[in-house]
Amino acid sequence: MEKYLTKMPIKSKANEVPKEEAGVKKETPKVARKATKKDTPKELKDKENAGDDNTPKQTKGRPGRPAAKRKNLDTPDVTEKLAMEEENPPKRRSSRLTRSTRSMAEDGSPSPEKEKPEKLPFIKYKGAIKYFTESQDIAASADDVLQWVEKQKDEVVPMAFDMEWPFSFQTGPGKSAVIQICVDEKCCYIYQLTNVKKLPAALVALINHPKVRLHGVNIKNDFRKLARDFPEVTAEPLIEKCVDLGLWCNEVCETGGRWSLERLTNFIAKKAMDKSKKVRMSKWHVIPLDENQLMYAAIDVYIGQVIYRELERREKVKIKNEEEFKEKNGDAAFKAMKALGETFLTKINEVTL
């Protein structure tokens, strides 16, 4: 009976989904929106970079660069070029040590471009220091020195001269406070002028004595200041007969430029000076001077006397060598040698032109 029955299709309800249609997933609205969204310029550039096979992956904020082709180092041309560079390396400027400077550093020798300054021994003064503060004592001491000068047989008696005074950045230089002189390397005289209203006549006569040759570095300005502070002193006669050691050094040694006492001491005496700023800028008008001030003042005139004697010796040697050279070789050869920069501080017997 059942085989004669026909199966009738069963009508589905309106809310039911057929099995075939249920297997197919509908695209979600979110995906649909992404598909229809317009790409930004950055995204378009990323897509272009991603589609290029010869460029690396795009990094944030930097454009992509094409991959460099690797050189084949096995080619004959490249091999020959590398061999030539190994034999004759190219010259390069570098801040690193070169072979020569490196070997010099290992040996401990200084570089020729920048040699280390020579270390000179400091001056040690072991002579007497005679220090006076009162007007009558200064007058008596100056009179003793004056009598000693008159007893000398030499026509010229060199005397180192220097001055000290206080200085303030608010008020400027103070009145001349100290005069120091040296006529013999074994004794220096220091006269403090704080209690002196007028320079003693014996001291004025001493510095103006016709046999006395006052010398120092920048000494002319010292005389001008002394004349401003003490009207009984006239600067011009002292300036006319004094010797500036820096200018004299330029004449004898044929050097140039301006000299300080410290540099002149290094060059002529081969000694170093302890020019302490604390002592140099100290209160020179305060009585009494301490040991550091006394030694500072004494060394200034002591080394001045030493420099004078050495320049005097060199000048005599130079004059003698020049005269002997002229006698043997003539004036033409002498002028030629001077043009070449010869100073004649050392003896030259013969020259071939």
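Here the Cβ of each residue, glycine as well, is placed from N, Cα and C on the backbone.
Same-site candidate for Mg(2+) 1 binding, as annotated by Swiss-Prot with ASP162, GLU164, chosen from ASP290, ASP300: ASP300. Sequence-ordered, the extra residues of this chain that approach the Mg(2+) 1 site, with Cβ no more than 8 Å from the Cβ center of ASP162, GLU164, ASP300, are MET163, VAL178, GLN180, TYR296, ALA297, VAL301. The Cβ of ASP162 (Mg(2+) 1 binding site) has 25 other Cβ atoms within 10 Å, all protein chains considered.
Contacts of ASP300 (Mg(2+) 1 binding site) defined by a Cβ separation under 8 A and a same-chain sequence distance of 6+ are given as ALA160, ASP162, GLN180, LEU261, in order along the sequence. Under a cutoff of 8 A between CB atoms, and with a sequence separation of 6+ in the same chain, the neighbours of GLU164 (Mg(2+) 1 binding site) are ALA177, VAL178, GLN180, TRP284, ALA297.
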